[in-house]
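Step one of this worksheet: look at the structure below.
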Amino acid sequence: MSCPEQIVQLMHMHLDGDILPKDEHVLNEHLETCEKCRKHFYEMEKSIALVRSTSHVEAPADFTANVMAKLPKEKKRASVKRWFRTHPVIAAAAVFIILMGGGFFNSWHNDHNFSVSKQPNLVVHNHTVTVPEGETVKGDVTVKNGKLIIKGKIDGDVTVVNGEKYMASAGQVTGQIEEINQLFDWTWYKMKSAGKSVLDAFNPNGEE
């Protein structure tokens, strides 16, 4: 078409319903004298009428479901990989719990050896550990698979793992007392110990 660009713009304005009366008059005069523009305008009107006539057509209710059913099934491994990529923190925590929980489970069932912390004024006989009356034991005391009898003073925490604790009337503990006789308690204790070791490694001088 060699007609002015303005005429094409007026066609679009007319089809959009935005044309002014004076501009519509200009367009009509041109269409009466220009066969090419008149044919082009007629084709545009037919196209718009066709689109409007099909605007009420809707896809069947089950169209989406049918299309999805015909698509290739995603491999289960791929969906698992996608879940791990979108939930990295949860995945890491789950793996940590599985690995650490399994290790703690084996440790709990296989470790039956008696052990005790190494303070010099603890009295150890067979599997019995005694804090003598009048003695003050400095630091945390841990007894595994044995018995702890407290007659004196412990200046720290007490942890008895899979054992027994007796405190005489004169016995004293300045810190916390924890008795661990269940697998869950053991797991929690080991996790706390590991966390404490990490903190100590980053803060060797005990600074806050």
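Numbering starts at 1 and runs along the chain as displayed.
The backbone N, Cα and C atoms fix where each Cβ goes, glycine too.
Marked as topological domain 'Cytoplasmic' by Swiss-Prot on the basis of a curator's inference: 1-87. Per Swiss-Prot, the feature Zn(2+) binding site maps to C3, H30, C34, C37; the stated evidence is experimental evidence. Per Swiss-Prot, transmembrane segment is recorded for 88-108, and the stated evidence type is sequence analysis. Here Swiss-Prot flags 109-208 as topological domain 'Extracellular', drawing on sequence analysis.
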Discussion item. Around the C-beta of H30 (Zn(2+) binding site), how many further C-beta atoms are within 10 angstroms, looking at every protein chain?
Written reply: 18
Discussion item. I'd like to know which of the binding-site residues C3, C34, C37 has the most other Cβ atoms within 10 Å of its Cβ.
Written reply: C37
